[in-house]
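**Student:** The following block contains the structure, expressed as structure tokens.
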Amino acid sequence: MKFKAMTAIAALVISTPFMASADADDDQLVVNGEIEMITKAPAPAHLADALDEVISGWHMRSDETQEMQADDFDNPAMIFVEQAQDDWNTVMGTKDKSCASCHDNVEDSMAGVRTVYPKWNDAKETVYTMEMQINDCLTDGMGADAWKKSGAKMARMEALISVQSRGMPMNVAIDGPAEATWEQGKDLYYSRTGQLDLSCASCHEENYGNRIRSDHLSQGHINGFPVYRLKNSKLTTPHGRFKGCVRDTRAETYKPGSAEFIALELYVASRGNGLSVEAPSVRN
Amino acid sequence: MKLSTLTLAAIMTAGAAIAGPVAPADVVFSEGAVAASLSGQPGDVANGAKIMSSKKLGNCIACHEVTALSEAPFHGEVGPLLDGVGDRWNQAELRGILSNAKLTYEGTVMPAYYKVDGFNRPGKAYTGKAADGPLDPLLSAQQIEDVVAFLMTLKDE
């Protein structure tokens, strides 16, 4: 905070070329000219001591990147959504079923689903990510093989399901039976790791809006996930992103699908409660 | 690992006359500052500038803006502007901030460049895998001295 003020003053006084404007811009995201996205919202109650406002990472990206996300024809992630639509209708496994056999039209059956994941699964008595639910459908429901955690097929199916909730605010439950997992996720969020000794909060809570090398730090929300990354032209899942960020602290990472990343996903998702589902978003 | 062998060699060859590099665990801090050169040698200003700009070495400009290094791309804004830092701190204090900034700034996000233990889940550099042996410090004793020498040149006229 203190240093944000300092850097802002420094920028005004010397205005060197490499000091581009910090902080979030005031642009508005309306997808396809019709879906109005909530990209800034009052922080959820559980974050009140840390943040006043939650801000989508979309605001930290360049105008060109932002525009790609504003129209499905320009959004390179939509091709993966189309592929997942084919998967949705494809019969797989020993029970001769497709996703559509149980869930009919994805547009109707999956609307709103993304806003509440990860969520407590009563039957399994544990917090479920969307990925875990998809794999249960594949194995138990369809007699098919599970998909690789955070793999390409999984990411695109998550994208297809998430698209059906675009514009709706994230609303993950953090109390009741999910609370212990949420607390574990919160601990992980604030735990420093690696030889650089940084936590998620070091970058995404204490320094959002600041540049770190060429990157403009966001608050690290996952309302836009899976996200299409221009740097590798692929969809990235939340666990894939977490892994990269932990690796960048010179730490031993956790594995995608691990209990730690499930807890972290619940916690990080809850920090973005109130922001619209933006998936599939476009980032660098 | 590399460094402790070095220290040993230095002690054996140089005897008591010149102190060799101080191992990270043996650095003596006094209120965050470190009085003696870590390598026993003076620092090289030009090399210090290189270390600060290089992504593979100090990568200091990832977080700090430094006008004297404005040729190098991508200065960050996570830490304060370092212009004039040679007036704000003396050599011993800068050496201390570099070696372990947390002893000067409690809870800072600035990494400790001359520290090898006490980390949570230390990795093997940026591979994401567990470290497979003792860690090397982020910068060597001489590299720290080089950076300190460069920082001492950052004075407001």
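Just so you know, glycine gets a Cβ as well, placed from its N, Cα and C.
A TrEMBL annotation is a machine prediction, not a hand-curated record.
Got these off TrEMBL a minute ago, pasting:
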- A:1-22: signal peptide (SIGNAL)
- A:83-170: domain 'Cytochrome c' (DOMAIN)
- A:CYS99, A:CYS102, A:HIS103, A:CYS137: heme c 1 binding site (BINDING)
- A:CYS200, A:CYS203, A:HIS204, A:CYS245: heme c 2 binding site (BINDING)
- A:ARG241: substrate binding site (BINDING)
- A:CYS245: active site, cysteine persulfide intermediate (ACT_SITE)
**Student:** Please find which two of A:CYS99, A:CYS102, A:HIS103, A:CYS137 have the most distant C-alpha atoms, given that the record lists them as binding heme c 1, and give only that distance in angstrom, rounded to a whole number.
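**Tutor:** The widest Cα-Cα gap among those binding residues is 11 Å.
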**Student:** Tell me the Cα distance separating A:CYS245 (heme c 2 binding site) from A:CYS99 (heme c 1 binding site), rounded to the nearest angstrom.
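**Tutor:** Between the Cα atoms of A:CYS99 (heme c 1 binding site) and A:CYS245 (heme c 2 binding site), the distance comes to 33 Å.
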**Student:** Report, in whole Å, the straight Cα-to-Cα distance of A:HIS204 (heme c 2 binding site) from A:CYS137 (heme c 1 binding site).
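**Tutor:** Here the two Cα atoms are 34 Å apart.
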**Student:** Over the domain 'Cytochrome c' (A:83-170), what does the predicted model average in pLDDT?
**Tutor:** 98
**Student:** Taking the centroid of the Cβ atoms of A:CYS200, A:CYS203, A:HIS204, A:CYS245 as the heme c 2 site, which other residues of that chain lie with their Cβ within 8 Å of it, listed in sequence order?
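**Tutor:** In sequence order, the nearby non-listed residues are A:LEU198, A:SER199, A:ALA201, A:SER202, A:GLU205, A:LEU217, A:GLY220.
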**Student:** By CA-CA distance, flag whichever of A:CYS200, A:CYS203, A:ARG241, A:CYS245 among the binding-site residues is nearest to A:CYS102 (heme c 1 binding site).
**Tutor:** A:ARG241
**Student:** What are the sequence-distant neighbours of A:CYS203 (heme c 2 binding site), meaning same chain, six or more residues apart, C-beta distance under 8 angstroms?
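**Tutor:** Long-range Cβ contacts: A:ILE212, A:LEU217, A:GLY220, A:CYS245.
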**Student:** Work through the binding-site residues one by one (A:CYS200, A:HIS204, A:ARG241) and name whichever has its CA nearest to the CA of A:HIS103 (heme c 1 binding site).
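**Tutor:** So, of the listed binding-site residues, the one sitting closest to A:HIS103 (heme c 1 binding site) is A:ARG241.
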**Student:** Provide, as an integer number of angstrom, the distance between the C-alpha atoms of A:HIS204 (heme c 2 binding site) and A:ARG241 (substrate binding site).
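**Tutor:** Between the Cα atoms of A:HIS204 (heme c 2 binding site) and A:ARG241 (substrate binding site), the distance comes to 13 Å.
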**Student:** Can you count helix, strand and coil residues in the domain 'Cytochrome c' (A:83-170) using DSSP?
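**Tutor:** Summed by class, the stretch gives 44 helix, 10 strand, 34 coil.
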**Student:** Please list, in sequence order, every residue of the chain apart from A:CYS99, A:CYS102, A:HIS103, A:CYS137 whose Cβ lies within 8 Å of the Cβ centroid of the heme c 1 site.
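**Tutor:** Filtered neighbour residues, in order: A:TRP88, A:LYS97, A:SER98, A:ALA100, A:SER101, A:SER109, A:GLY141, A:MET142.
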**Student:** List, in sequence order, the same-chain residues at least six positions removed whose CB sits under 8 Å from that of the residue listed as 'substrate binding site'?
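**Tutor:** The answer is A:ILE222, A:PHE225, A:VAL227.
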**Student:** Give the residue from the binding-site residues A:CYS102, A:CYS137 that has the most other Cβ atoms within 10 Å of its Cβ, counting over every protein chain displayed.
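**Tutor:** Result for the most crowded candidate: A:CYS137.
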